[in-house]
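Structure, as C-alpha cells:
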C-alpha cells in the first residue's frame, strides 16, 4: 500500500517548513509510522543539530529525518534527508516501506544529500558532514574579507617563461619517438609473419593428410580389385557349404527321396555309356522287345537271345553289333528293371492305398497329411503337432511351407518336410 501523508498533513507540513526556514531555530524534524499502518506522523523536532537528532533514532522502527546543516566549505545551509531502517525491523515491513522512500523524498523536497542508514555508524555527524562537503563541489568560502594590500616595496620584474628550443634534445626526443614507433611496427610485422607461417604450415599439413588418404584409398581399392575374384569364389563356396549343411540338417521328405532316386535311375538308364556313337532304332527295338519275358524267365533263357544276336550276321552295319554287345553288358539286373519300369501311377496308388485304410474318417476334409516329426510353433501364425498327428484342410502356399488345421483345430503354417501326404 502507498504511504498516507494526508491524515497528519498539517503537522507534517509545519515541521518541514520550520526546518526549511532559515530564520527558524528548528534544524531537524523526525517522521515515522503510526503503529503498523502506513500513516506518517511527526516523531519529533529539535534545535540541537545532528547530535540531538541521532539520539532520537529507534532501531526497531522505520523513520525519516530531515536536517539543516551548514556547508563546511561555503558556509551555506544544506539539507540532509536520512532514510532510517532499524536493524530490528522485520523483513516484511522493510519490503513494504522500501516503496515509500520515493514518496517521502518528494514530500521532503530540497535535500542536497540523501543517506540510507541502518546502523548508528551510518549516521555519525562527522560522516554526514563529510558527505555534505563532498557534495558541495569546490572548496571555497563566501563573505570572507581578503587581507588588505600592504606595500612591500618595488616588485621584481616578471620573468619570461620562454625556453629556447634545444635542437639536440629535440632530435633525441623525436628519434626516441620514431624508434619506439619503428619497434612497434616491427613487432606487429613479426606477429603477422608468424601468423602467416603458422597458417601455411597448417595448410601444408592438411594437404599432405589429404594426399595420404587418397593414396591409401587407391591402394585399398587396388587390393580389393586384386582379391575380388578370390573373395567372390570364397564367398560362393561358403554359401554353398552353408546351404549344403542346412539341407543335410533338415529331415528329407520320404516322397522327395523316392522322386530323387527315380530321377537318378531314369537318367542313368537314358544316358549313353559311350557318347558320340550312333544308335540304331532297329537294334534298340530288338532289345526292348524281350524285356517282358526276361523278367519271367531264368538267366539261361535270357542268355539265349543274346547268343542269337551275336551269331546273326549283320554285314551292312558292323559297328552296331559292337554297340549292342556293350549295351547288353551294362544292362541293369532284371529285378531292378522290372521295378523301375512299372508305371508311377500304379506305385502311388499302391502306396496311398494303405494310409486310406488306416484313416477312413478323413473324407471331405480336403488334403490331409500325417506328421512324421514333432514341431513347435514359433508364433501364433504357425501350428504345433507331434508325430503321427493328422493335419487336415492343407493349402499348398509354398514349396517349403503349407497351411492347415492342426490337432487342436488351430489353422496355421507348418514346414512341408515334417509331414507326409495322405491321398
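Backbone N, Cα and C define each Cβ position, glycine as well.
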Annotated range (Swiss-Prot: coiled coil) out of 84-131, 132-179, 180-227: 180-227
Listed modified residues (26, 176), ranked by Cβ neighbours within 10 Å, top entry: 26
For residue 176 (N6-acetyllysine), the three-state class that DSSP assigns: helix
The domain 'ADF-H' (2-133), counted residue by residue under DSSP: helix, strand, coil: 47 helix, 38 strand, 47 coil
Three-state composition of the region 'Disordered' (185-204), taking helix and strand from DSSP: 20 helix, 0 strand, 0 coil
